[in-house]
Structure formats: C-alpha cells, structure tokens
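Here's the structure, in structure tokens; my notes come after.
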Amino acid sequence: MKAVVFAYHDIGCTGIEALLEAGYEIQAVFTHADDPSENRFFGSVAQLCAEHGLPVYSPEDVNHPLWVEHIKGLAPQALFSFYYRHMLKQEILDIPSAGAFNLHGSLLPAYRGRAPINWCLVNGEQLTGITLHQMTMRPDAGAIVAQQAVAIKWADTALTLHGKVRLAAKALLDAELPKLRTGDISLTPQDESRASYYGRRTPADGELHWDKSARDLYNLVRAVTQPYPGAFSFAGDRKLTVWKATHIAQDSDMLPGTILSQDPLRIACGEGVLEIVAGQAEGGLYVRGAQLARELGLVAGMRLGAKASSALRKERLTRVLILGVNGFIGNHLTERLLKDGRYEIYGLDISASALGRFIDHPHFHFVEGDISIHTEWIEYHIKKCDVILPLVAIATPIEYTRNPLRVFELDFEENLKIVRYCVKYNKRIIFPSTSEVYGMCDDHSFDEDESRLIVGPIHKQRWIYSVSKQLLDRVIWAYGKKEGLNFTLFRPFNWMGPRLDSLDSARIGSSRAITQLILNLVDGTPIQLVDGGAQKRCFTDIEDGIEALFRIIENKGNRCDGQIINIGSPDNEASILQMAEVLLGKFEAHPLRHHFPPFAGFKRVESKSFYGDGYQDVSHRRPSIKNARRLLDWEPTIEMEETIGKTLDFFLQGAVSTGVEHD
C-alpha cells in the first residue's frame with residue numbers, strides 16, 4: 001500500500017519504522033525543520049528518512065496548492081500523521097483512497113490538542129495511552145481505529161512517560177497496520193460528551209503557585225522537568241528552577257511559599273509541603289536542594305513566589321479603553337472585566353442606557369461622547385491605557401445598503417484614526433473584525449489563516465461593511481509587521497443574547513435577526529423570513545463569546561499577539577427559519593405569553609424588498625475555531641436553544657415593564 005507520511009518527534013520515527021516493517025511503500029515524508037530554540041531530545045525524522053532512502057520535505061506551508069498537487073500526483077492510498085504539528089486541509093485529507101489517519105498521544109476523546117503527555121501529568125492522571133484515529137478538520141476528533149492504554153506511575157516524568165507511550169505506539173501500529181492494508185478495521189465514533197481539549201504549553205506555564213497543594217506542584221514539576229524548561233519560582237528577583245521534588249503530607253501553619261527548612265529544602269504549600277530534591281539557580285548548576293538553598297541564601301522563614309519586580313507591576317490594574325462601551329459586546333465585556341477585579345475600565349459611548357449597574361463602580365470610568373468628536377479625549381486615553389478595544393461600528397445589514405457612506409466613515413475612517421494612535425503610543429489593540437470579511441467564501445468552515453475572502457460586485461453595496469473591516473484588518477496586520485503594532489483581531493460569528501440591539505432599533509429595521517423576530521412576536525406581526533430563511537448561521541451565546549474575548553485580553557504567555565481568532569460555535573449551526581421556529585416555541589411557552597398578541601404566522605419576503613437594492617446574502621457562515629482552541633484553550637459550551645430562551649426572556653421582560661404589550 002502506498003502511503004504519504006507527515007511526521008516529527010520520536011513518535012514520527014516510530015511510525016515510519018512501523019510502516020516499513022508492515023510493508024508499506026512510503027512515497028514521501030513531510031516533517032519540520034528543527035527549531036534552534038527547542039531542546040531537541042527526540043529522534044530526527046529527516047535523518048531516519050535519509051538512512052532509509054525516503055524522500056523527505058519540510059515545506060513552510062504544506063497546504064499550498066503546489067504541495068497539494070504534488071501529493072495528488074503521488075496518488076497515495078493512505079496518509080498518516082505521526083506528531084506532525086500543522087493542521088492539514090480537507091483537500092489533502094481527501095486524497096488517499098483508504099483514508100487519512102493520525103496517531104495521538106492520549107486516550108481520545110480525552111486530552112485532544114497539544115502536549116497531552118505533559119497535561120496528563122499536570123492533572124495527576126493515572127492512565128493515558130495512544131490512539132489511532134481518522135483525521136478530520138476538527139483536531140483529534142475523528143473516529144477511532146484502535147487505542148492502547150499506558151499506566152502512569154507516581155514517579156513518571158514527561159520523558160519517561162513519553163518513552164512508554166512510544167512503545168505503546170509501536171505495539172499498536174504493529175497490530176493495526178496490517179489490518180489497514182486489507183481494510184479489516186472497524187471505526188468507533190468518539191463520545192463528544194467525554195471530550196476535553198488542551199492548548200499548547202509555554203515555559204511561563206511552569207511557574208509554581210504555592211497556594212496550590214504540594215501534590216499539584218509535584219505533578220507540575222514532573223510534567224515539565226528535563227528535557228522541558230522546568231518548573232520555577234523566585235526568591236525576590238532571583239529565579240530558581242525545580243528539577244526534582246517530592247510532596248509530603250504534612251500540615252503547616254505557615255503562609256504558602258514559606259521556606260520551612262534549608263536541609264532538606266522544604267516549602268509550605270496551600271496543602272502539604274513540597275521538598276525540592278534538586279534544582280538550579282539561573283546561570284548556575286544542577287544541584288541538590290540543600291546546596292541550592294545555600295547558593296541563594298535561602299533560610300527558614302523566607303518566602304518564594306512571583307518575581308518581586310513583576311509582582312509590584314501587577315499591583316496596578318490593567319487599564320482597558322473600550323470605545324462603544326454601551327454596546328452589546330462592550331457592555332457584557334465590562335461586566336466580565338470588573339468581575340475579574342484586575343482591570344480598570346475607561347469607556348466612551350453616545351449613550352449610557354445599559355450602563356447603570358456599572359456607573360458607581362470604582363474601577364469604571366465613563367464619558368458620554370462621539371468618537372468622531374471627542375478625538376482629544378480618545379488620544380489621551382489611548383496614551384494612558386494598556387489595552388484598546390474600538391468596538392464602535394455600524395453592524396446591522398440594512399444600514400449597509402441604506403447608509404453605505406456612513407458605514408464607511410464610521411467603521412473604517414474613524415477606526416483608522418484609533419489604529420494610528422495605537423501605533424503612535426505603542427499600545428496593544430484588540431480589534432473587532434467580523435465574520436462578514438469571509439463574504440461568500442466557499443469553504444465548509446472559514447479558516448482565519450487559509451480561507452479566501454470573497455465579496456460581490458461593486459453595485460452590491462451590502463459588502464461595504466465587509467470590505468471596510470477587511471481593509472482595517474490588512475492595515476493593522478501591516479502595522480504589526482512593519483512598525484511592531486501589538487494586535488489581535490477577533491471575528492465574532494453571530495453572537496446573541498440579552499441586550500442585543502433594542503426593540504426600538506428593530507422597529508426601524510436596524511437590528512440583528514433575532515431582535516427583529518422578537519419584535520414581530522411582541523407586535524403581533526408576521527415573522528418575516530428573508531428569502532425564506534434558508535441561510536445558515538452558527539449562533540454563539542454572548543457568554544461564550546465574552547469568555548473568549550476575556551482570554552484574549554488576558555493573553556497568557558502572549559499567545560494572542562499578532563493572531564486572528566474566530567469566535568463562534570460551529571455546532572450551533574441552524575437556518576434562520578430553524579432559529580425562528582425555536583424562538584416561536586419558547587415564546588408560546590413563556591409565562592409572559594398572555595401579554596402579547598396571537599402569533600401572526602411566517603411571511604416569506606424577498607431580500608430586495610426587505611433590505612433594498614444592493615443586498616446580497618450568503619448561504620452559510622461556519623467558523624473554524626482551531627485558533628481559539630489552540631491559543632485560548634476555549635470551547636463554546638452553550639446551546640442555541642438556551643441562548644434563544646435567555647434573549648427572548650430579556651426582551652419580553654423589558655416590553656412588559658415598559659408597557660409595550662397587547663391590550
């Protein structure tokens with residue numbers, strides 16, 4: 001059987017050797033060039049291929065059309081991925097006649113994503129393993145071919161566990177590869193209810209937080225000890241790395257991080273005591289814990305913790321400037337940031353109608369104003385704040401055709417000024433792009449880094465919003481590349497929930513779909529389905545969306561710098577008609593139903609009569625959320641039906657309280 005292989009690491013070498021032993025004809029191997037900054041403790045796929053005379057490549061973009069055509073020309077019957085670090089596009093996965101298969105270092109569906117061996121140890125698991133599964137565009141989500149379990153012992157480190165998993169991988173492949181050749185395999189779909197996903201780890205994730213239990217800290221030490229960067233802490237500003245430790249079930253009345261003794265070097269934790277068996281001062285040697293204590297002058301009563309200079313800096317709250325703070329996203333984001341307690345919010349908007357619950361908060365500062373007028377205030381606060389979120393935009397479809405020039409002036413020209421202030425004062429900008437930039441993209445799911453951005457002809461003015469946002473995306477990207485602007489672009493996919501628009505805005509047609517439909521129910525007018533409501537969207541609960549946006553602001557390990565991130569819920573895909581039917585069902589069952597007129601039915605209308613000349617719609621808009629999973633460790637959790645119920649309840653409560661009801 002002919003095979004193309006994507007491989008890296010020891011597991012990659014193991015996979016190639018297993019294929020050769022099973023009689024597969026390997027036509028090409030794709031791997032990664034070694035990263036000089038990485039401590040490479042594993043075998044070289046490139047070297048192994050050279051020894052076996054296999055053609056090996058390391059393209060910068062294996063999904064480039066030239067490489068796709070090259071792989072098609074090889075006509076492989078099977079494709080294998082063994083610890084290859086890049087996602088493969090569907091176009092490549094569709095090439096092999098017998099399928100594409102990946103080897104993942106966990107017992108799926110648990111521990112999808114990056115660094116599963118390290119994460120298993122961090123979480124104190126007692127069992128992991130290796131899984132051979134079909135490849136899909138969703139990472140590690142395809143049907144399972146076979147699994148082999150590996151027991152985790154208390155003394156295991158990431159290195160020893162990796163060795164066990166490698167041996168399990170060899171045994172699994174030896175058993176399954178002959179079956180794959182003959183087609184004698186059975187596939188088991190993954191149980192999504194048991195799925196978990198973990199993102200990449202960075203050296204910063206190794207910091208020891210002494211308020212945790214000694215058991216948890218021991219697990220962290222063994223998860224990141226050599227050859228990984230190691231767990232670490234600080235004595236003042238002096239860094240020490242803990243390479244080996246043990247935990248002691250001993251109570252202590254000392255504050256977490258307090259040194260209890262020098263020899264042995266023992267530290268009080270939130271629960272129990274951690275003994276540092278071996279460690280290393282920055283620039284020093286690997287030594288026993290007692291010697292490390294002497295070298296750093298550590299004595300009983302001193303405390304370890306965060307770097308002293310960093311801790312002092314962290315005492316100041318992070319200042320966040322939100323322009324458009326009264327809007328749907330700005331309002332919910334303010335609530336989330338203030339709840340966290342580490343942020344001070346400066347907000348500007350033309351109204352404070354939804355801000356009453358924040359006005360008296362000591363960390364919330366609001367000015368009523370227009371971004372096109374209050375330019376001096378904006379420039380001063382951009383200079384003053386740490387993170388800038390310009391959320392002001394016209395984002396309702398009817399305005400794209402009704403007021404295209406106003407859309408351009410506000411959404412592009414005014415926001416470009418803000419971008420340039422951020423460049424001038426070297427400030428981090430988190431810019432709200434939009435799912436609209438993908439336009440009529442024909443991909444199954446829209447990928448931030450790969451999908452084409454396709455819009456209609458010039459006379460279709462509805463695209464002025466999309467291209468205004470897209471051009472700003474490109475300008476921000478260019479400023480990042482050429483002038484060092486620190487940015488993140490996020491693209492919301494049909495976020496909805498309480499406070500989305502208002503019934504008054506819906507009355508003049510200037511609202512999003514669900515608000516318009518709720519108005520029809522409240523007023524007793526027919527629900528208007530533009531072009532029959534067949535258009536599909538992926539509806540995302542505002543709570544899920546805000547949690548992802550909060551993590552972008554938090555930016556652990558600076559992972560979000562220079563990134564584009566879709567934020568949406570692919571599993572909540574439904575047509576506008578389906579959404580309307582769910583909404584109607586919840587409306588009829590609502591305790592306030594008797595306040596409103598009878599349901600007036602559905603009415604199909606043409607888009608031209610509803611939106612006017614220049615409108616053009618798209619059939620589907622489904623996000624790839626691989627970047628959100630990888631960078632934010634985020635997954636949407638709330639189903640569309642729940643979101644519709646919350647949104648409906650908010651507007652019905654408001655309508656009854658203001659007297660907008662049926663007599």
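Backbone N, Cα and C atoms are what each Cβ position is placed from, and that goes for glycine too.
Record features, source Swiss-Prot:
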{"type": "REGION", "residues": "1-304", "note": "region 'Formyltransferase ArnAFT'"}
{"type": "SITE", "residues": "N102", "note": "site 'Transition state stabilizer'"}
{"type": "ACT_SITE", "residues": "H104", "note": "active site, proton donor"}
{"type": "SITE", "residues": "D140", "note": "site 'Raises pKa of active site His'"}
{"type": "REGION", "residues": "316-663", "note": "region 'Dehydrogenase ArnADH'"}
{"type": "BINDING", "residues": "D349, D370, I371", "note": "NAD(+) binding site"}
{"type": "BINDING", "residues": "A395, Y400, 434-435, R462, N494, 528-537, Y615", "note": "UDP-alpha-D-glucuronate binding site"}
{"type": "ACT_SITE", "residues": "E436", "note": "active site, proton acceptor"}
{"type": "ACT_SITE", "residues": "R621", "note": "active site, proton donor"}
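Annotated features, which come from Swiss-Prot, shown on the structure.
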residue	record	Cβ neighbours (10 Å)
N102	site 'Transition state stabilizer'	24
D349	NAD(+) binding site	24
D370	NAD(+) binding site	13
I371	NAD(+) binding site	20
A395	UDP-alpha-D-glucuronate binding site	22
S435	UDP-alpha-D-glucuronate binding site	25
D531	UDP-alpha-D-glucuronate binding site	16
A534	UDP-alpha-D-glucuronate binding site	15
R537	UDP-alpha-D-glucuronate binding site	23
R621	active site, proton donor	21
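Under the three-state DSSP scheme, D140 (site 'Raises pKa of active site His') falls in the coil class. Listed in chain order, the extra residues whose Cβ falls within 8 Å of the Cβ center of the NAD(+) site residues D349, D370, I371 are L323, G324, L348, I350, G369, S372, I373, H374, V392. Whole-number maximum of the Cα to Cα distances across the NAD(+)-binding residues D349, D370, I371: 8 angstrom. Residues near H104 (active site, proton donor) in space but far in sequence (CB under 8 A, at least 6 apart, same chain), listed by position: R112, P116, I130, T131, H133, D140. Checked against R621 (active site, proton donor), the recorded positions D349, E436, A534 differ in C-alpha distance, with E436 being the nearest. Secondary structure from DSSP puts D531 (UDP-alpha-D-glucuronate binding site) in a helix. The two recorded residues R537 (UDP-alpha-D-glucuronate binding site) and D349 (NAD(+) binding site) have their Cα atoms spaced 29 Å from each other. Across the fold, the C-alpha of S435 (UDP-alpha-D-glucuronate binding site) and the C-alpha of D370 (NAD(+) binding site) stand 26 Å from each other. All chains included, 23 other C-beta atoms sit within 10 angstroms of the C-beta of D140 (site 'Raises pKa of active site His'). A395 (UDP-alpha-D-glucuronate binding site) has E436 as its nearest neighbour among the recorded positions N102, D370, I371, E436, going by CA to CA distance. Of the recorded residues, D531 (UDP-alpha-D-glucuronate binding site) and D370 (NAD(+) binding site) place their C-alpha atoms 36 Å from one another. Taking the Cα of A534 (UDP-alpha-D-glucuronate binding site) as the reference point, the closest of the recorded positions N102, D370, E436 is E436. D370 (NAD(+) binding site) carries neither a helix nor a strand DSSP state and counts as coil.
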